[in-house]
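**Student:** Starting off with a structure, shown below.
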Amino acid sequence: MIKHLRSYCLYLAWLFSCIGTLMSVYYSYILNVEPCLLCYYQRICLFPLVVILGIAAYREDISIKIYTLPLALVGFGIAIYQVCLQEIPGMTLDICGKVSCSTKLFLLGFITMPMASAAAFCAIACLLVLATKSK
């Protein structure tokens, strides 16, 4: 049963990357929320995952983990850093520009955008580690 579920990990990772990308685009272009610098860096890690994981899932190409796992882990690290900026008093980033990286915007009323981003990157990374080829 577990082996059967592991064959769908690439599809699930692709789904998480699609949802994250759609949320990012929705907040930026529909709700006109200007992203901070760290959000842009997270997007640099997330947006290519949609294409790469989509193709890999379609072709059942597990070897893609070599390329996608570093993107997911770097994105996760940036998201965790931004969570720390928001949650730890006194932490600031001087290069943020107009929009502060420590500004809290809540999704669904209880989770901040960097926390959601960290959860998505963590889920993608875990799914990539668990992914196996179906037989």
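Using N, Cα and C of the backbone, Cβ positions are placed for all residues, glycine too.
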**Student:** Among CYS36, CYS45, find the residue that Swiss-Prot gives as the disulfide bond partner of CYS39.
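**Tutor:** Of the candidates CYS36, CYS45, the one Swiss-Prot pairs with CYS39 is CYS36.
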**Student:** Using a Cβ-Cβ cut-off of under 8 Å, list the residues of the same chain that are 6+ residues beyond the ends of the transmembrane segment (67-84) and lie near it.
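**Tutor:** Sequence-distant neighbours of the transmembrane segment (67-84): 13, 36, 38-39, 41-42, 45-46, 48-49, 52-53, 56, 91, 101, 112, 114-115, 117-118, 121-122, 124-125, 128-129.
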**Student:** Using Cβ atoms and a strict cutoff of less than 8 Å, what residues sit near the transmembrane segment (7-26) while being 6 or more residues removed from its termini?
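**Tutor:** Beyond its ends, the transmembrane segment (7-26) has Cβ neighbours at 35, 39, 43, 46-47, 49-50, 53-54, 56-57, 60, 62, 64, 68, 107, 116-117, 120, 123-124, 127-128, 130-135.
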**Student:** Tell me, how many other CB atoms lie within 10 A of the CB of CYS36 (disulfide bond), whichever protein chain they belong to?
**Tutor:** 24
**Student:** For a quick check of packing: other C-beta atoms within 10 Å of the C-beta of CYS39 (disulfide bond), how many?
**Tutor:** 24
